[in-house]
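These come from Swiss-Prot:
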TOPO_DOM  28-447  topological domain 'Virion surface'
REGION    30-101  region 'Disordered'
CARBOHYD  Asn40  N-linked glycosylation site
CARBOHYD  Asn52  N-linked glycosylation site
DISULFID  Cys96-Cys113  disulfide bond
REGION    106-120  region 'Heparin-binding domain'
CARBOHYD  Asn117  N-linked glycosylation site
CARBOHYD  Asn150  N-linked glycosylation site
CARBOHYD  Asn166  N-linked glycosylation site
DOMAIN    236-328  domain 'Ig-like'
DISULFID  Cys255-Cys316  disulfide bond
CARBOHYD  Asn331  N-linked glycosylation site
DISULFID  Cys355-Cys411  disulfide bond
DISULFID  Cys359-Cys388  disulfide bond
TRANSMEM  448-468  transmembrane segment
TOPO_DOM  469-480  topological domain 'Cytoplasmic'
Amino acid sequence: MALGRVGLAVGLWGLLWVGVVVVLANASPGRTITVGPRGNASNAAPSASPRNASAPRTTPTPPQPRKATKSKASTAKPAPPPKTGPPKTSSEPVRCNRHDPLARYGSRVQIRCRFPNSTRTESRLQIWRYATATDAEIGTAPSLEEVMVNVSAPPGGQLVYDSAPNRTDPHVIWAEGAGPGASPRLYSVVGPLGRQRLIIEELTLETQGMYYWVWGRTDRPSAYGTWVRVRVFRPPSLTIHPHAVLEGQPFKATCTAATYYPGNRAEFVWFEDGRRVFDPAQIHTQTQENPDGFSTVSTVTSAAVGGQGPPRTFTCQLTWHRDSVSFSRRNASGTASVLPRPTITMEFTGDHAVCTAGCVPEGVTFAWFLGDDSSPAEKVAVASQTSCGRPGTATIRSTLPVSYEQTEYICRLAGYPDGIPVLEHHGSHQPPPRDPTERQVIRAVEGAGIGVAVLVAVVLAGTAVVYLTHASSVRYRRLR
């Protein structure tokens with residue numbers, strides 16, 4: 001009995017463990033059974049049962065780790081914002097192809113604007129121009145692309161175009177080159193009403209500015225309006241002028257950036273014989289505003305002097321900023337020349353003063369001055385001009401008759417390039433005694449003149465006495 005009970009207990013425990021193993025085996029997620037291709041229920045393969053000898057063989061696959069599935073909310077990328085195309089013309093009351101054109105000085109500019117559907121008989125277009133200051137904000141225009149509704153043209157503008165000129169206020173101010181009878185015409189408007197183009201024939205500092213397009217019916221001319229800003233730019237012209245210097249003078253060169261607009265930064269960088277000049281004390285730059293734009297002049301002075309080495313070559317590099325993002329850069333080079341310092345002498349020979357200058361450039365002449373008179377003396381003669389042994393130079397001589405009234409003489413060289421100091425020589429000479437015969441003649445002439453004057457005075461006095469005597473006698477007779 002005891003042994004039977006023990007055997008029964010062992011059997012039950014064995015069956016329990018077999019059942020647990022079978023349950024765990026069937027519950028394994030990695031165990032799959034492949035039975036041909038998937039299909040409808042009518043095409044499904046028969047069940048895999050050991051009783052069915054013709055059943056297909058099952059192929060177990062190794063267990064695969066489960067893949068963690070992410071929620072769509074965590075993996076989905078944010079959708080890009082929908083692309084918005086240009087607004088349809090039909091939904092906009094005004095649309096211009098360019099609201100802020102920038103064009104070169106002297107170019108021809110066209111601006112096209114489209115307005116609501118209308119007919120010629122009931123619509124009216126006006127275009128007004130407003131001047132803008134240099135580098136100023138838009139001013140009266142709140143936004144270049146904003147459509148103004150029921151807003152009249154602000155005061156202070158000049159009328160450029162009116163599609164109904166017979167309705168134009170007679171007190172309106174037309175812009176130069178616009179209006180009836182304007183010649184030459186600076187503005188023209190072409191195209192059908194509602195799809196018109198404004199043509200600025202020549203863009204200048206005077207024709208740039210803010211243009212206000214105002215559109216409406218004849219009985220409501222300010223229904224819609226829009227602003228267009230027209231800006232002009234003009235690159236600078238660059239020239240370099242290396243100064244001619246005398247021996248002993250420092251080398252110099254001047255660069256000029258002329259007639260550019262707008263007047264943003266124009267920066268110069270100087271190079272002397274290929275080496276940059278960093279000392280600000282050697283560079284002087286000045287900007288000036290002119291009616292046709294701006295001009296900047298920059299001058300560099302070298303530490304080297306003429307005659308102590310070869311001539312210097314200067315290069316100026318100009319960087320002009322058209323706006324905050326655009327700039328242009330140009331270079332100009334030139335070599336300074338050295339002129340010999342002339343020797344000037346003065347001597348008095350007889351009745352003439354003679355001035356001589358050696359080794360002066362061709363084309364240089366003398367100018368004479370006497371005493372404190374700032375006007376050159378008239379009687380000047382160049383006696384001779386000979387070579388002095390240096391190419392392009394000569395020795396010149398000038399003579400001047402001596403003066404009987406002045407004692408101070410100045411002979412000055414004229415015709416040197418700009419920047420050369422005044423070169424002159426001062427001399428003194430006492431007036432020579434006059435010839436005795438000449439003195440006698442002068443005295444005789446002076447005596448004759450005095451005698452004639454006395455005679456004329458006597459004749460006039462006698463005539464006056466006779467006239468007064470005759471007048472008194474006539475009056476006496478009338479009284480009797």
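Cβ coordinates come from backbone N, Cα and C, glycine included.
Of all Cβ atoms in the protein chains displayed, 10 besides its own lie within 10 Å of the Cβ of Asn150 (N-linked glycosylation site). Each of the glycosylation sites Asn166, Asn331 was scored by other CB atoms within 10 A of its CB, and the lowest score goes to Asn166. Break the domain 'Ig-like' (236-328) down by DSSP state and the numbers are 3 helix, 61 strand, 29 coil. Long-range contacts of the transmembrane segment (448-468) within the same chain, counting only residues at least 6 positions beyond its ends with a Cβ under 8 Å from a Cβ of the stretch, are absent. For the pair Cys411 (disulfide bond) and Asn331 (N-linked glycosylation site), the C-alpha distance works out to 42 angstrom.
The secondary structure of Cys113 (disulfide bond), as reduced to three states from DSSP, is extended strand. Among the recorded positions Asn166, Cys316, Asn331, Cys388, the residue whose Cα lies closest in space to that of Cys96 (disulfide bond) is Asn166. Under the three-state DSSP scheme, Asn166 (N-linked glycosylation site) falls in the helix class. The highest number of surrounding Cβ atoms within 10 Å, among the disulfide-bonded residues Cys96, Cys355, is found at Cys355.
Across the fold, the C-alpha of Cys359 (disulfide bond) and the C-alpha of Asn166 (N-linked glycosylation site) stand 76 Å from each other. Using a 10 Å Cα-Cα cut-off from Cys316 (disulfide bond), the recorded positions that qualify among Cys113, Asn166, Asn331, Cys355 are Asn331. Note: the CA-CA distance between Asn150 (N-linked glycosylation site) and Cys255 (disulfide bond) rounds to 53 Å. By the criterion of other Cβ atoms within 10 Å of the residue's own Cβ, the least surrounded of the disulfide-bonded residues Cys113, Cys255, Cys316, Cys388, Cys411 is Cys388.
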